[in-house]
Each structure stands twice: as structure tokens, then as C-alpha cells.
Amino acid sequence: MPNYTVTVATGTQWFAGTDDYIYMTLVGSERCSERTLLDKPLYNDFERGAVDSYDISVGEDLGEIELVKIEKKKYWMHDDWYCKYITVKTPYGDYIEFPCFRWLVDDKEVILRDGRARLAQHDKTGVAKQHRRKELEQRQKTYRWKEWHPGFPMSIDAKAHSELPRDIQFDSEKGVDFVLNYSKAIENLYVNQFMHMFQSSWGDFADFERIFVRIKNTISEYVMEHWKEDFMFGYQFLNGCNPVVIRKCTEIPDKFPVTQKIVQDSLERGLTLEEELKEGNIFIADYELLDGVTPNATDPCTLQYLAAPICLLYKNSQNKIMPIAIQLGQRPGEDTPIFLPSDDEYDWLLAKIWVRSSDFHVHQTVTHLLRTHLISEVYGIAMFRQLPAVHPVFKLLLPHIRFTIAINTKAREQLICECGLFDKANGTGGGGHVELVQKSMKTFTYRSLCFPEAIKARGMESREELPYYFYRDDGCSVWEAVTSFVTDVVDIYYDKDETVQEDEEIQAFVKDVCSFGMQDFDKCEFPKSLQTKEQLVEYLTIVIFTASAQHAAVNFGQLFLGMYPDEHFIEKPVKEAMVNFRKNLAEVAKVIKCRNEGKKLPYYYFSPDRIPNSVAV
């Protein structure tokens, strides 16, 4: 009588084990095994972190094992179970791996394909095709689009984290992590003690020092010492947390009437302003997006204000970026003067503070929230809706959208919702942050997510002209490493452009992102189809880079790029590609570390050993 041995691995998360009944059925190309009870309650099987083995005897050979069906039935009360993987040893000594990495909840069943990734057009059996179709049908019922606010990218249809599908909720450790990190941040910044400062006028510059009192490291101390100085103000445009606003200025805009006479004292090379423009030494940061945005009015006793400034910057003879003119509004006039470094010390300092305040609002709401969190959620929802677990792109992208939908749902519950933290501590709270996202969406394009193109579009690509733009240099290195890895994986499964065109699932994924996730917004230019392998590589690179490296550069993280603890791929060529990816990333990290040695302001936000795999914080 043929005998199959199955090995079942339970996850290590808190409460991953179960005391419920677990049944298994092996589905072969010839016949199925009988439904077999693997565990009985209180037998101490399927405990957290356990690896248990069982024998399943059958009357006849099942043929090639195509599917494994797992069922969990309630014993006393429902006890969720996290299954990592199942390995089946056939009577002939072959081992077949079935990655799972899913929760079994209630009395529902999970049906698994073996770990080999396959495109839909390469499935030959009716069983495989039917499983693929039913999986997507169920997923599309579970992962539904919903508009949180008009003009926003679409999000998941869930009002609270608890309403999310179990597989994309924070696991217990991550959930506790979120609470502890949130509490720790509040404690470290004295936010509770200083909340009144966010909702009232600050009396003197010592207030800044009191905010910094609990942040003790070399960089923060250096910044605290030099934050008032022009060189530090300019440096932050290149290598601060929002290094995506500054652009080369080739012509002074009419709305910002800066003349040679106004700035001549700040120009060092003996050239006129027009000549400096032609030499590529003038840069500009324009916060037009904030023009007309409603300031926070949630506290009627405290008036709050927003500015939409324009800042002109000059690359001096030491290649430092220095501010030379600031206008705090978009319409010049007597009420909107141009501030200069030669003005009274505190007039100039306050003008810079207003620019930095505006930069904060754009950073938090546009650069961070919209362009990493919300767009990554769009990719994640479309992936679950259109790509089955057996698809190679699903396996490739899953680690990079891990917990993204969960963290965004938490944010909509606690941070950016009405009466959330944004309303209490942010000048755009009370609805201004919503207006800012809506305005930004009108100019948000797919091409702007392509890192090298975004740098070039701002005229910031020359390393000779801007030798200290580390955000650009490190970002391009990581972009190239991700592109190389994605190319290796795509080459394994797509032999020619026609294979991409014939992949109905990848085409549905791309279309779902554009037509539903981005709601076909005018000028967004997200593709509705992909025609070549090159286009597919770029598309997947954008998804991975945005969710990992770009988010890290404008935020922070803890799960590192290139590390894939859940082995969704089992094929040797893909594992070799992962090894090469990690080697390339290690080389990038080494170069960054060497460059940073001895620097008072090291830049490490794009260092791969500090880049999380996904938007999970």
C-alpha cells in the first residue's frame, strides 16, 4: 500500500499554533487520498514553531501530487493556525514543497499548489486551471476597492484593522510592535508634555531645543548646533528627509521677481544672475502645492497658518547649496516681500523656518503618505486581486507589500482620520492634508516613480555639478541593484516579449492598478498593459523600489531589503538570483559606509542594511 509522509511547519508568531482538528487531502493527477485527520485536540501537535510529520496511506498510487487541501475544524472554540509550509514525500522518495505562509481561520479550508511558480498559459491540467480561477474569484470578493476620500488613490474596503483579511493583518508581534513604537515615539519626543506647543504659538527658539532633548546621537546634536545656518538649511534640500523638491532653475519665474540687484551680494563667482542660471548654479524649491490649502482650525482658540513659499538656492564655489532669496507666497507684492540673507538675522531665520515648515507638510503628506504608503497599497490590493499565489510576480512582490495595507488601515484609524494625531499636531490637520493629497494627485504620474527619470526631470542628474547629492547617488545604486534582480527573475519565467503579452493575469494586474487603484485619473499615465519584458522589469522595479528603498529614504525601517525569510520561491535559479541580489546590495552598503566615514553628516538612508522590504511602518 503506497505511503505518503507529510511534514507540516507551524509559524513562530504568537498564537500561531492551534488545538483545533486539522485534516488533509492529497489531490493527485490520478485520484485523491481520503480526508485524513492529522491532529486531535490536546495532542500537542501544531504548536507554535513546531514541525510535525504524519503518514497518509492510500490504496493506489495518486499520480503526480497537484494540490494539498488543508481543513481546520473547531474543537472547543475557533483557534487560528498559521501554517508556514507543507512537504510531501512520495512513495518513490521524491519531496514536493507546498509553501503556505497563511492563516487558517474558522472552519475554512486552504488549497495549496506546489512551490514551483507558473504562468497561467503554462498550466496544462484542468485541476490546476480551475484552482487558479477559483483562488482569484475568492480573492476578488475578499480584497475590494474603496474610495477613502474623493481624488485619492483607492484603498482597501475596511474601516478598521480588525476587518482586514487575516493574512494581511499585523501578526501579534507586529501589532504589539506598532503600539510599543508609537508609545516610545510619544515618550522620546515628550509629545504628551509638548502637545500644547503644537496647538499654540512657540515663544522662543529654546522650544526647539526642548524637543531635541531626548534625541541623542551625533547627527541630531550636530544638526541642533547648526540648524540656524544657511549651509545646513541648503544641505537638507539634498540629503534631508525630503530631497525631492529641489530642482535646477533655468529661468526665474514671473511670480518670483528676483533680480540681479537683489541677489548680487550672494553670488561669488563674479557672474550675473543670468550667467549663473546658464552655468547651472541656481536651484529652486517651490511649494506651490500648499497655495490655498486650508490650515488647521480644529482648535478655535488657536489660529494656525500655512505658507506656500518659493526659495531660490545657489551653489557656491565650495559646491554648497545656499539659500539666497525666499518669498513666502505665490503672488508677489507688498504683502509678500522677498527675504534675503542680508536682512535682519531673525527676519531671515523666520523666513527659513517657514520654508522648512512647508517642506514638512509636503514631505509628510505627499512624499511619504501619497507617494510611498498609498501607492504601495494600490499595488498590493491589485496583486491580491489579480495574481494567484503560484504566479512568479505574486511571489516576487509579496514580501514588498507585507503589512502595507495593515499600516495604512491603522493610519486611517488613528493618524490621518478626523480627530487623529494629524489634527492635533499638524498645521494641515482638520482636512488640509486631504486637500494636499487631492491637489498632488493632479500632477502624480507613473513616470515620476521611476527614480532615474524623476532625478533627471528635476535637472539634478549630474554628479559633477552636484557632487554631494547622496540621495541621488545611493538611490541610483539601489535602483540598479533592484533592476538587475528583477531582470534575473523575469528572464526565468518570460522567454520573450510575447510571453508578457499572453500573460492575462499580469495584464489584469496592471489594468487594475490604473483603472481602479488610480481611478484612471487624467495625466497619471499609469500603463493599462505591458508589451515587453523591459516594460515589465521597469514596472516591477518601481513597485519594489517605491515600497522599500524610496520609503526608507523618506522614513525609516527595520526589515531589510533582499532578505526573504518566507520562501515563496523554491526554484534554484530564483534562489541564485536572490543570492546575487544580496551580494550587489552588500556592495552598495560597503560603498556608502566608506563614503560616510569621517563625515559629520553621514547619509545612510539608502544603505541596503537600513532599507525595509516593505512599507510596514
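Heads up, the Cβ atoms here are built off N, Cα and C, so glycines get one too.
Over in TrEMBL, the protein carries these features:
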type	residues	note
DOMAIN	2-118	domain 'PLAT'
BINDING	G17, D79, D80	Ca(2+) 1 binding site
BINDING	D39	Ca(2+) 2 binding site
SITE	W103	site 'Essential for stabilizing binding to COTL1'
DOMAIN	118-564	domain 'Lipoxygenase'
BINDING	H368, H373, H551	Fe cation binding site
DOMAIN	565-617	domain 'Lipoxygenase'
Relative to the Cβ of H368 (Fe cation binding site), which residues of the same chain, six or more apart in sequence, are found under 8 Å away?
H551, V554, N555
Set of same-chain residues at least 6 away whose C-beta sits under 8 angstroms from W103 (site 'Essential for stabilizing binding to COTL1'):
D80, W81, Y82, C83, R166, D167
What is the number of residues in the domain 'PLAT' (2-118) that are helix, strand and coil, as DSSP sees it?
0 helix, 61 strand, 56 coil
Over the domain 'PLAT' (2-118) the mean pLDDT stands at 87
Restricting to the same chain and to sequence separations of six or more, state which residues have a Cβ under 8 Å from that of G17 (Ca(2+) 1 binding site).
T10, F46, E47, R48, G49, A50, W81
In the same chain, outside G17, D79, D80, whose C-beta lies within 8 angstroms of the Cβ mean position for the Ca(2+) 1 site?
F15, A16, T18, D19, D20, F46, W81, Y82
So if I draw a 10 Å sphere around the Cβ of D80 (Ca(2+) 1 binding site), how many other Cβ atoms end up inside it?
15
If we count other C-beta atoms within 10 Å, could you say which of the binding-site residues H373, H551 has the fewest?
H373
D79 (Ca(2+) 1 binding site): tally of other CB atoms within 10 A of its CB:
17
Taking DSSP H, G, I as helix and E, B as strand, the domain 'Lipoxygenase' (565-617) contains 28 helix, 1 strand, 24 coil
